[in-house]
Amino acid sequence: MNDIIINKIATIKRCIKRIQQVYGDGSQFKQDFTLQDSVILNLQRCCEACIDIANHINRQQQLGIPQSSRDSFTLLAQNNLITQPLSDNLKKMVGLRNIAVHDYQELNLDIVVHVVQHHLEDFEQFIDVIKAE
């Protein structure tokens, strides 16, 4: 594992920790715009770091050239570096990131809550798989 991947993993871990710290029990999330911004920004950062890692591995191992951020995870799954379910979940995160970054549509806070409560472990699972390589 090289410094690029090590640094990206550190970013993901830091962002997950920050999300967990600021989100707390979630009782204030829908009323607190600053809290929403913090959680969404850190989800974006997690997603970007995962994309960067995937692109780096795709390039290093010459797995192909992704045509989109989602394709980065597809290539990893096609080459059995991550599972298809993990690839699918990370591709959904890219969709959430795209909505948050580009304002394609209003971000549904219920989806953000669901991600925080049920899918932060997708980032952790991705880290574990990458570290095992």
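Quick reminder: no glycine exception, Cβ is built from N, Cα and C everywhere.
Small disclaimer: the values here were computed from a predicted structure and weren't measured.
Under the heading motif 'RX(4)HXY motif', Swiss-Prot lists 97-104, citing experimental evidence as support. According to Swiss-Prot, the feature active site maps to ARG97, HIS102, an assignment based on similarity to another entry. Residues annotated as O-tri-AMP-tyrosine in Swiss-Prot: TYR104.
Minimal Cβ crowding within 10 Å, among the active-site residues ARG97, HIS102, is found at HIS102. Summarised by DSSP class, the composition of the motif 'RX(4)HXY motif' (97-104) is 6 helix, 0 strand, 2 coil.
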